[in-house]
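Working notes for the structure below.
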Amino acid sequence: MRFITVAVVLCAGYFCSTAFAHPRGEWTKLILTQHWPQTFCSMEKQCKTNLSYWTLHGLWPNTGVRCNTSWHFNASLIEDILPEMEKVWPDLLVPSSPEFWKYEWQKHGTCAAKAESLNSEHKYFSKALELYSKFDLNGVLRNNNIVPSEEHYTLDDVETALINVYKVKPKIQCVHPGKGGQVQTLGQIEICVDRDFQLINCEKSTEEIWSNDILVSGKSDLSVCDHSMPIYYPPVPSRS
């Protein structure tokens, strides 16, 4: 009887909302991940692109991977949003293929779908597109004079521009130079939201689950940018 009373008291306050609202193993954060196409292609060596805007890499729950292997990707279910998908969530390696979306759905979407708000393929991809548009990373950087350039930036330049608008800390990732190199290359930016899709701080720990989930080859040269090293934000090569 005493236990029931205590539980009722706890559920009247904050503890209940955090401890009981989400069963163990369910995600508590989504990571909207965008990559800079020029950097991606320089890492992969298998693609060339003239895209001059940040594109979606994925929408990743902070827990779980391939949560339902029997829930197969079906492109016909997102037919109405395919034009926007092709524009802002392209497969940079094979532009005409849906394989990238299939991979992201099977690995991350089936886990995000544990939440009612994302419990279908259409809801998952639509929400990613919605957040991409809402947070407008391209516009935020451009409006703060962070544009692709042969000139270098500091991490503070980039981070401050984003924090001033979003009021939370994103995770900014770079490709770090080899031995003796003195400049890192801007590659990926993660923006984090809670289960209600409200902005929250991103973790900066190198142990973050999806920090290195970028290359189809299964490896990544990306990690959190170094405050002590200049950042190169590579421009789109001019057409000859």
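Glycine residues also receive a Cβ, built from the backbone N, Cα and C atoms like all the rest.
On a predicted model such as this, the values are computed, not experimentally measured, just so you know.
Here's what TrEMBL has on this protein:
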{"type": "ACT_SITE", "residues": "HIS57", "note": "active site"}
{"type": "ACT_SITE", "residues": "GLU104", "note": "active site"}
{"type": "ACT_SITE", "residues": "HIS108", "note": "active site"}
{"type": "SIGNAL", "residues": "1-21", "note": "signal peptide"}
Query raised in the report: Going along the chain, which residues six or more apart from GLU104 (active site) have their CB under 8 A from its CB?
Result: GLY58, LEU59
Requested in this report: Within 10 Å of each Cβ, count the other Cβ atoms and name the one among the active-site residues HIS57, HIS108 with the highest count.
Outcome: HIS108
Report summary line: Here the Cα-Cα span from HIS57 (active site) to HIS108 (active site), rounded to a whole number of angstrom, reaches 11
